[in-house]
């Protein structure tokens, strides 16, 4: 290739893999190079669904695109994504509980409070647009207005997400010219879905996508999701963005209810480092294109099955985020049983996966039952405190405690279990029973390694 040819190739990469025809090449390795591991698929709970291809394009009625606008300080990876519904889609969202919420979070909450449908979601990486004051809000408004013009849809049908460095405003000089290109290139393909899932990532090591189909009311309903997140992950929404598309026909009230419950049982049950971010958002769309009879009750058989499917997708994505925790060598799954109710069980499970001492012990292959029991004991807020004499605790196949006291277990074998799990980036299972109640709960986290400190000492958030 001549020097001029190399320059032209380089220029194409710099412009986000747009070829001469104006089409984005979603297979361009320079922009969409983030590797994929089928973690979310592998971590899906069992159920009456099957995994399919397509990511957020698996559901009927949606088109997507990813693009490199030049928002990142370095590197060639794409940095913005667009999801567009063919028609008004029922929409629900849950957002960060951090008081310092970002401008796009405030914008989305206002939009969804005004109407239960949306047409498009624009996501940018690199700049979080958090702690940016009135100008940050104006920037969000400006991007929504530009997207509204490009797509020919009402501004109130636009939603926004941002992720990246807190305190940094969006580079409008880069993003605004990219919006018409994104709008012109949305398509319903696996390649486009993968490109979008890659574009939204920051410190993630893998892109996170999953899609399933399930029979509801005699019709095939498809549901796909993508998420990003690796650090600043903590219950009640963390530095994670999640998007789910679904083609079920469902009322806004039912969709809001099951989105809230699915989020509570998934994304709000993960922790990497105990930091709750400014930007966390989960937005779920339902196009109604599956042809099923409209689901009008959460208590109907169809409503329950739809909730199970949405929870499964959200759990697969949430667990993939914890698996990909910064510096992590394993996923930690804590299962709690015997609590007074499910919420108490969830609180206890969250407490265990949030414990820095427990996480460090697992990284060091130390079957330290004391740290695990301690974390269960200080869990708060719980409505009903358990009796310490009822505590049973197991690490994988090794029971470490019974009736609140340590057992004479094989410490070498238990340590070997941890070494084997971390050696293959597998799942370390912690089972805890706190009594005879009916409450059950799960939470997911990851171990705490030297690399976590290194990554966050070198990366500005």
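Glycine residues also receive a Cβ, built from the backbone N, Cα and C atoms like all the rest.
Predicted, not measured: the structure shown is a model, and the values here were computed from it.
Here is what Swiss-Prot says about this protein:
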BINDING   202, 228, 239, 326, 456, 461  substrate binding site
ACT_SITE  239  active site, nucleophile
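Ranking the binding-site residues 202, 456 by other CB atoms within 10 A of the CB puts 456 at the bottom. For residue 228 (substrate binding site), the number of other Cβ atoms no farther than 10 Å from its own Cβ, over all displayed protein chains, is 28. Other Cβ atoms within 10 Å of the Cβ of residue 326 (substrate binding site) number 24 in total over all chains. Look at residue 326 (substrate binding site): DSSP puts it in coil.
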